[in-house]
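**Student:** Annotation comment: TrEMBL describes 30-54, 66-92, 104-131, 152-172, 200-228, 248-266 as transmembrane segment. Sequence annotations record features per position, and here TrEMBL assigns domain 'G-protein coupled receptors family 1 profile' to 43-267.
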């Protein structure tokens, strides 16, 4: 006796409901992308205006250096929201059909470069701000005599150029940025990595990001402890210390936001690759032991 398996036909109502749901999710994704991009651009624009006004007003060296670095951080974040948000909205509006609108993979490469740069550069600038404040609080004479605005601008340029270099590494190595699983953004290759070079890019990005967060944490901790010690020892120079406390609080806010936004992603990348490397090392050692036993 033969049994015939029958497939239940999909009703037109169910198909219409499914299509409506998908369209609603697509519209919500586009709306959220536009809202996040708009909020980021407006808030950063307001921050840039406030910082520029403060930079023109305060000419003290210990304030101008900090405000210059803070302005660079906000401007970097502004362009990150503007460029990445614009590309993301365009991708959603084009139904994520990368093959249609990006046959040569140029837009994906630009998107990936901007993602890496706008991810690393603010972390670098946050750690640079923490280092500058740590030196200003713990070594005030050295800071006032050796660290000038010119030196800060040179360090700022170096950090930006280094972030650009890291973002361009795959292009210089004749590798392409890859479309991620959600088909809404581009980044290093993260799935089915078999080449050491692709793994190196991921590990480098995660290492630099975690290093910047670690430096920020250590420097802010040293600065905070030093200010608390001075506060309990003496009540003099209260105004100068209040400005230092204000800067440290701002740095702690920047560090907390950076940790919340980037730590899970960086730890996931770094942890997975370390686990993979350890597994490979154990596997190699097992093969060597088996080879010696046979001999």
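Note: Cβ is positioned from N, Cα and C throughout, glycine not excepted.
Small disclaimer: the values here were computed from a predicted structure and weren't measured.
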**Student:** Verify whether three or more Cβ pairs under 8 angstroms connect the transmembrane segment (104-131) with the transmembrane segment (248-266), leaving out any pair fewer than 6 apart in sequence.
**Tutor:** yes
**Student:** Give the one range among 66-92, 104-131, 152-172, 200-228 whose Cβ atoms make the most pairs under 8 Å with those of the transmembrane segment (30-54).
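**Tutor:** Per the Cβ count, the answer is 66-92.
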**Student:** Going along the chain, which residues at least six beyond the ends of the transmembrane segment (66-92) come within the CB cut-off of under 8 Å?
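**Tutor:** For the transmembrane segment (66-92), the far contacts come to 26, 29-30, 33-34, 36-37, 40-41, 44-45, 47-48, 51-52, 54-55, 58, 98, 101, 107, 110-111, 114-115, 117-118, 121-122, 125-126, 128-129, 132-133, 136, 149, 152-153, 156, 160, 183-185, 247, 250, 254.
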**Student:** Mind looking up the mean pLDDT for the domain 'G-protein coupled receptors family 1 profile' (43-267) in the predicted model?
**Tutor:** 83
